[in-house]
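Here is the structure we will look at.
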Amino acid sequence: MQHRISKLPEPILQHILSFLHAKDVTRMSTLSKVWDSAWKSLPYLNFGDILDWSKDLNVVIDQALANRKKHKISIQKFSLCLCLGHYGGLCCVRNWIKILIACNIKELNLRVETHDYRGNFVYGSLPLAIFAAKSLNVLSLSGFSIEFPADDASPGAAGSFSILFINKNPFIVLTEFIYEDASDKVEQPCSAALPGKCWRRKLKNVELNNFTCMEQERLRNYFIASADISE
Amino acid sequence: MVKLKSNDDKEFEVEEAAVIQSEMIKNMIEDGCATSVIPLPNIDSKTLIKVIEYLNKHINMGKAAETGEEDDLKEFDEQFVNMGWEELFDVIMAANYLNIHELMELCCQSAADRLKNKSVRAVREMLKITNDLTEEEEQEIINDAPWAFEGPEIDDTVN
């Protein structure tokens, strides 16, 4: 007897699959046509924690995104925590972000950890399009840099902070960046120039964590003129 | 009290406070369409009893946090999803039809937990899925993403 799971409407099967890692769902796509089709159009992509990044995996993610873009599937959620062996992979990450924006990504959780040959952290740069992504409700990033303009005081040592901003719609956007003083020449090419204006306009509710009072004061002055700050 | 009728013609009385956790029934009551018995043509009595059990336990969810009954609810939920696949899918379909968000999430999460890390063979056996893909189609998926088919976490046991 064929089990009822194969007769579940695709959105319900996909809802169940949304709780699984992409690795599980990819494997299960060899079960039958129903499962293959459910995976190919699954709008939730959770790649989980990937510690052993490889070219193969890169191809898998590239393909998964390219297929969804080709079939105009709006991606609801993309999650990935990636430990890159060398920073060459950051270009791929940048490319994924661009595709995700094109696929109207709603929730993006992306953590990337990369080191250069000397063992120093390297931060990815954010495509500026992310600040204009209209469907984005939740954004949680780690391992990406923001470069503060030269005329602004450097905010100090490396740390991470969360920015909560509320769009016109009722959703909350949580952003977490790691930033670093970009005076180190090696890191400069990897830092994105932050469109300060865009940020100041969009931020409405900001939460700062793990900072000394002085650092918070600087960040507050830099980022937000009209926002409510909760500490 | 609100009266619900299953597709095998059995009637059940449920407190309004419990039944309005179903968005569908809540809307019906608000629109004044729930004066007598609400027929549920997609749900059999066995499944409806399970759903009502859930609704009655989850009445006043907000209050549970205040009175420290959260652990009790958690335990109930764990016990609740301890059911066979067929039954679980019936409850999922009912939760979807009645639009009971929390129940839907609970059951879909449970289904996913059972599939997590399972090998293809194990899932095929658990769910009795017939393979209608051609050998070439199957091989193509494996060749495209060999990463998905290897790893120490993959569990070949059926349970």
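Cβ atoms are placed via backbone N, Cα and C, with glycine included.
What TrEMBL records for this protein:
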- B:1-59: domain 'SKP1 component POZ' (DOMAIN)
- B:102-148: domain 'SKP1 component dimerisation' (DOMAIN)
Three-state composition of the domain 'SKP1 component POZ' (B:1-59), taking helix and strand from DSSP
25 helix, 11 strand, 23 coil
Please list the DSSP helix, strand and coil residue counts for the domain 'SKP1 component dimerisation' (B:102-148).
35 helix, 1 strand, 11 coil
